[in-house]
Amino acid sequence: MTMCHESYGFLPCTTNVPGNLFLVLVYGFLVYKGATYLSEGSELLLEIMGPGLVGGLLLPILGALPEALIVLASGLSGSRDTAQRQVLTGMGLLAGSTVFLLTLLWGTCVVAGKCDLGPDRVAMDLQNTRGFSLTGTGVSTDSKTTYLARIMAISVVPFVIAGFPNMMKIHHGQRLAVLLALILSFLLVLSYCLYQVSFPWIQMRRLDYVKHKLLIAGILRHAQTLAPGRLQNDDGTPNEHVIRKLFHKLDSDENGTMSRLEVHAFMIGVNLEIVDFDRMDAVDRIMADFGTSSDDTLEEDDFVEGMKRWINMTNGSSKPGRNNINEYHERTEREHNALLDWSDEAEERTKEPADRWCVAKAVGLMLLGTAMAAAFADPLVDAVQDISNATRIPPFLISFVVLPLVTNSIGEPVSALVCVSDKKQRTASLTFSELYGGVTMKNTLCLGVFLALIYIRNLTWEYSSEVLMVLFVCVVMGLFTSFRSTFPLWTCLVAYTMYPLSLVVVYVLAWADPGQELGGGMPQEKLSL
């Protein structure tokens with residue numbers, strides 16, 4: 001009877017595929033929870049110390065840390081032969097995460113954020129009347145977003161250096177190539193972080209978006225106090241009947257429209273100091289957000305549709321329910337405070353006992369998150385290896401398909417889709433900027449950790465097809481997004497197609513080179529797709 005290996009001598013294990021798949025989901029979720037603690041701790045530290053070094057240097061590194069720990073765990077323990085087999089899991093996660101973000105998530109963001117394209121082929125904010133027209137709808141980003149796409153494309157250079165000798169059949173220079181790629185990877189990490197410190201427009205863009213969300217949350221909470229009933233049904237959906245009653249209550253002259261003066265009167269009960277808006281600025285944002293046909297009046301249908309869209313936003317990251325407006329306001333206020341630039345007051349606050357406690361709490365959360373990610377990374381890799389052993393499917397393919405979905409599907413994609421669903425160029429630019437930034441950190445920091453394992457443990461580099469797959473996706477999408485700022489809906493099909501195509505690339509290249517093994521020592525003829 002085959003015995004399974006218990007991680008750390010006590011964690012549960014199993015030899016059957018369903019059991020190991022369940023363990024992958026459990027351990028993946030625990031790694032994700034560690035990532036959330038890391039995020040909460042870093043945001044609290046950001047509130048105390050302000051952006052700059054914390055926002056530009058610390059947060060990008062912490063964002064990629066959980067996956068870097070999984071890569072590290074894949075080849076750190078056991079003998080050299082064991083590490084050589086298990087390190088395929090790390091490469092699979094590294095390649096799979098990059099491909100997942102630039103194909104499935106990128107394409108879905110285009111679908112979720114699509115608006116009608118105007119005569120100048122630029123997406124028109126909040127206008128989405130053409131359905132799923134492949135050429136008449138799409139998303140637009142600003143010029144700064146293309147800068148990050150170019151940085152993302154440059155981030156694949158270490159892959160080229162590390163894989164060049166193997167692709168050219170020059171095996172005697174492989175170790176030197178790995179060392180050079182390792183050094184360049186960490187230099188690129190440092191350069192990217194220093195770029196964010198020196199030019200914090202990414203952080204400021206996020207701050208502006210959060211301030212706008214906080215304004216929406218404040219308006220919704222104030223509207224709830226004035227509404228003749230609940231703005232949300234028990235399942236969290238908008239109560240259109242109550243919203244229309246609220247409109248007629250705010251329409252003081254009963255002419256069927258709300259003037260700017262009436263909107264201004266409605267805003268009197270909203271606390272605008274926290275978001276640093278004056279009341280006229282807030283009125284302008286409401287009129288623009290509701291997509292009115294006139295700058296001076298607000299039609300009933302515009303008001304109803306705008307309120308429904310805002311209320312639906314409150315359901316984006318929590319369980320739908322009647323109290324989502326208050327919960328959304330509290331959650332957004334915390335996010336806003338975490339992004340504020342407190343640099344002028346940080347020195348005085350950190351001298352106070354309460355602030356020292358906040359520092360201790362922030363550090364504690366980050367340590368807890370790091371410990372959880374590190375502790376469950378190795379069992380996660382073991383579960384993937386056990387699935388591979390039971391099914392004879394290479395661990396690379398399992399980690400390529402399953403692990404990116406487990407480690408990415410809960411947090412980053414949900415946040416990105418909620419943001420881009422606002423259907424504005426501002427939020428589309430923010431979403432795609434953060435997506436390109438995430439890929440850049442995976443291609444540099446996570447690859448640097450992987451290359452360090454290869455070099456320190458003197459492992460054999462056998463990943464030419466995997467490198468070509470990452471290069472294929474990153475170069476194509478990098479060039480595609482570096483020189484244009486509008487993406488019609490048909491571009492999502494390009495992104496979606498590249499996901500299965502990337503698997504085909506690995507499969508075909510492995511068959512083209514019978515001497516290459518795919519899956520850490522598993523001969524190609526045993527590969528079953």
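Yeah, the Cβs are placed from backbone N, Cα and C, and that goes for glycine too.
Note that this is a predicted model, so its numbers are computed, not measured.
Residues or ranges marked as domain 'EF-hand' in TrEMBL: 238-273. Feature annotation from TrEMBL assigns transmembrane segment to 7-32, 52-75, 87-107, 147-164, 176-197, 435-456, 468-487, 493-512.
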Sequence-remote partners of the transmembrane segment (7-32) [C-beta within less than 8 Å, at least six residues beyond its ends]: 66, 69-70, 372-373, 376-380, 382-384, 386-387, 390-391, 402-403, 406-407, 410-411
Maximum Cβ pairs under 8 Å to the transmembrane segment (435-456) - stretch from the list 87-107, 176-197, 468-487, 493-512: 176-197
DSSP-assigned states of the domain 'EF-hand' (238-273) in counts, ordered helix, strand, coil: 22 helix, 4 strand, 10 coil
Close approaches to the transmembrane segment (468-487) from elsewhere in its chain (Cβ under 8 angstroms; 6 or more beyond its ends): 94-95, 98-99, 102-103, 106, 110, 117, 121-123, 138-143, 145-146, 149-150, 152-153, 155-156, 159-160, 163, 167, 432, 436, 439, 443, 494-495, 498, 502, 505-506, 509
